[in-house]
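Note sheet for the following structure.
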Amino acid sequence: MYLENYKRFEAIIDKLREFEGAIIVEGARDEASLRKLGVRAEIIKLSRLPLPEVALIASEYDEVMILTDLDRKGEELARKLAWYLEGYGCKVDTETRRELKMIAKKDIKGIEDLYSLYLRVSLRFWPPEEGI
(Lines of atoms letter the chains of each structure in order from A; the text may use other names.)
(Lines give C-alpha, C1' and ligand atoms only; values in the text may rest on other atoms or scores of the structure.)
Protein backbone atom coordinates (compact mmCIF):
# COMPACT_ATOMS: atom_id res chain seq x y z
CA MET A 1 0.00 0.00 0.00
CA TYR A 2 1.37 3.39 -0.99
CA LEU A 3 1.33 6.48 1.23
CA GLU A 4 -1.61 8.06 -0.61
CA ASN A 5 -3.72 4.93 -0.14
CA TYR A 6 -2.56 4.69 3.48
CA LYS A 7 -3.95 8.16 4.13
CA ARG A 8 -7.26 7.15 2.53
CA PHE A 9 -7.25 3.91 4.54
CA GLU A 10 -6.68 5.88 7.76
CA ALA A 11 -9.61 8.14 6.86
CA ILE A 12 -11.84 5.07 6.40
CA ILE A 13 -10.78 3.66 9.78
CA ASP A 14 -11.56 7.03 11.40
CA LYS A 15 -14.96 7.05 9.69
CA LEU A 16 -15.70 3.56 11.02
CA ARG A 17 -14.72 4.60 14.55
CA GLU A 18 -17.00 7.64 14.42
CA PHE A 19 -19.97 5.94 12.72
CA GLU A 20 -23.10 6.01 14.89
CA GLY A 21 -25.50 3.85 12.90
CA ALA A 22 -25.47 0.08 12.44
CA ILE A 23 -22.81 -1.80 10.48
CA ILE A 24 -23.72 -5.05 8.73
CA VAL A 25 -20.94 -7.63 8.40
CA GLU A 26 -20.88 -11.29 7.37
CA GLY A 27 -19.66 -12.94 10.58
CA ALA A 28 -18.09 -12.91 14.04
CA ARG A 29 -14.50 -12.51 12.80
CA ASP A 30 -15.53 -9.40 10.88
CA GLU A 31 -17.04 -7.97 14.05
CA ALA A 32 -13.93 -8.85 16.08
CA SER A 33 -11.68 -7.08 13.58
CA LEU A 34 -13.81 -3.92 13.72
CA ARG A 35 -13.89 -3.97 17.52
CA LYS A 36 -10.08 -4.24 17.63
CA LEU A 37 -9.98 -1.13 15.44
CA GLY A 38 -12.06 0.73 18.03
CA VAL A 39 -15.41 0.67 16.24
CA ARG A 40 -18.22 1.25 18.76
CA ALA A 41 -21.22 1.19 16.41
CA GLU A 42 -23.86 -1.51 16.58
CA ILE A 43 -22.71 -4.46 14.47
CA ILE A 44 -25.21 -6.85 12.91
CA LYS A 45 -23.91 -10.19 11.64
CA LEU A 46 -25.40 -11.89 8.58
CA SER A 47 -24.13 -15.34 9.49
CA ARG A 48 -27.26 -16.68 11.17
CA LEU A 49 -30.16 -14.69 9.77
CA PRO A 50 -31.90 -14.39 6.39
CA LEU A 51 -31.23 -11.13 4.53
CA PRO A 52 -34.79 -9.77 4.91
CA GLU A 53 -34.62 -10.29 8.69
CA VAL A 54 -31.22 -8.57 8.93
CA ALA A 55 -32.59 -5.66 6.90
CA LEU A 56 -35.62 -5.40 9.18
CA ILE A 57 -33.41 -5.29 12.30
CA ALA A 58 -31.05 -2.76 10.71
CA SER A 59 -33.93 -0.57 9.54
CA GLU A 60 -34.38 0.57 13.14
CA TYR A 61 -31.23 2.70 12.74
CA ASP A 62 -31.07 6.06 10.97
CA GLU A 63 -28.06 5.00 8.92
CA VAL A 64 -26.73 1.58 7.99
CA MET A 65 -23.28 0.80 6.62
CA ILE A 66 -22.86 -2.40 4.63
CA LEU A 67 -19.40 -3.94 5.07
CA THR A 68 -19.61 -7.33 3.42
CA ASP A 69 -16.46 -8.99 2.13
CA LEU A 70 -14.71 -7.63 -0.94
CA ASP A 71 -15.32 -10.67 -3.15
CA ARG A 72 -18.18 -11.39 -5.58
CA LYS A 73 -20.30 -13.02 -2.89
CA GLY A 74 -19.86 -9.95 -0.69
CA GLU A 75 -20.75 -7.69 -3.59
CA GLU A 76 -23.96 -9.62 -4.23
CA LEU A 77 -24.87 -9.57 -0.53
CA ALA A 78 -24.25 -5.82 -0.37
CA ARG A 79 -26.44 -5.21 -3.41
CA LYS A 80 -29.32 -7.28 -2.03
CA LEU A 81 -29.05 -5.75 1.44
CA ALA A 82 -29.05 -2.23 0.03
CA TRP A 83 -32.20 -3.06 -1.93
CA TYR A 84 -34.01 -4.35 1.19
CA LEU A 85 -32.83 -1.46 3.36
CA GLU A 86 -33.76 1.20 0.83
CA GLY A 87 -37.21 -0.41 0.73
CA TYR A 88 -37.46 0.37 4.46
CA GLY A 89 -36.41 3.95 3.79
CA CYS A 90 -32.97 3.59 5.38
CA LYS A 91 -30.00 5.75 4.55
CA VAL A 92 -27.54 3.13 3.29
CA ASP A 93 -23.77 3.61 3.12
CA THR A 94 -22.24 1.35 0.48
CA GLU A 95 -19.61 3.94 -0.43
CA THR A 96 -17.28 3.03 2.46
CA ARG A 97 -17.15 -0.59 1.29
CA ARG A 98 -16.55 0.53 -2.30
CA GLU A 99 -13.71 2.84 -1.21
CA LEU A 100 -12.16 0.10 0.90
CA LYS A 101 -12.33 -2.28 -2.03
CA MET A 102 -10.62 0.25 -4.31
CA ILE A 103 -7.65 0.85 -2.02
CA ALA A 104 -7.22 -2.45 -0.17
CA LYS A 105 -8.53 -5.31 -2.34
CA LYS A 106 -4.98 -6.48 -3.12
CA ASP A 107 -4.14 -6.50 0.59
CA ILE A 108 -7.22 -8.11 2.14
CA LYS A 109 -9.98 -10.52 1.21
CA GLY A 110 -12.56 -9.45 3.71
CA ILE A 111 -13.46 -7.30 6.66
CA GLU A 112 -11.92 -9.80 9.08
CA ASP A 113 -8.50 -8.82 7.65
CA LEU A 114 -8.88 -5.08 8.31
CA TYR A 115 -7.20 -5.08 11.71
CA SER A 116 -4.15 -7.03 10.56
CA LEU A 117 -3.81 -4.73 7.53
CA TYR A 118 -4.09 -1.73 9.83
CA LEU A 119 -1.24 -3.06 11.98
CA ARG A 120 0.96 -3.82 8.96
CA VAL A 121 0.54 -0.46 7.26
CA SER A 122 0.74 1.50 10.51
CA LEU A 123 4.16 0.00 11.18
CA ARG A 124 5.26 0.60 7.61
CA PHE A 125 4.40 4.30 7.68
CA TRP A 126 5.55 4.96 11.24
CA PRO A 127 6.47 7.57 12.28
CA PRO A 128 3.79 9.54 10.46
CA GLU A 129 4.77 12.53 8.40
CA GLU A 130 3.52 15.89 9.51
CA GLY A 131 -0.05 16.41 8.40
CA ILE A 132 -1.06 12.73 8.29
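Each Cβ is built from the backbone N, Cα and C atoms, and glycine gets one as well.
The feature domain 'Toprim' is assigned by Swiss-Prot to 20-100. According to Swiss-Prot, the Mg(2+) 1 binding site annotation covers E26, D69, on the basis of sequence analysis. Residues annotated as Mg(2+) 2 binding site in Swiss-Prot: D69, D71.
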When neighbour density is defined as the number of other C-beta atoms within 10 angstroms of a residue's C-beta, which of the binding-site residues E26, D69, D71 has the lowest density?
D71
List the helix, strand and coil residue totals of the domain 'Toprim' (20-100) as derived from DSSP.
39 helix, 15 strand, 27 coil
Averaged over the domain 'Toprim' (20-100), what pLDDT does the predicted model reach?
95
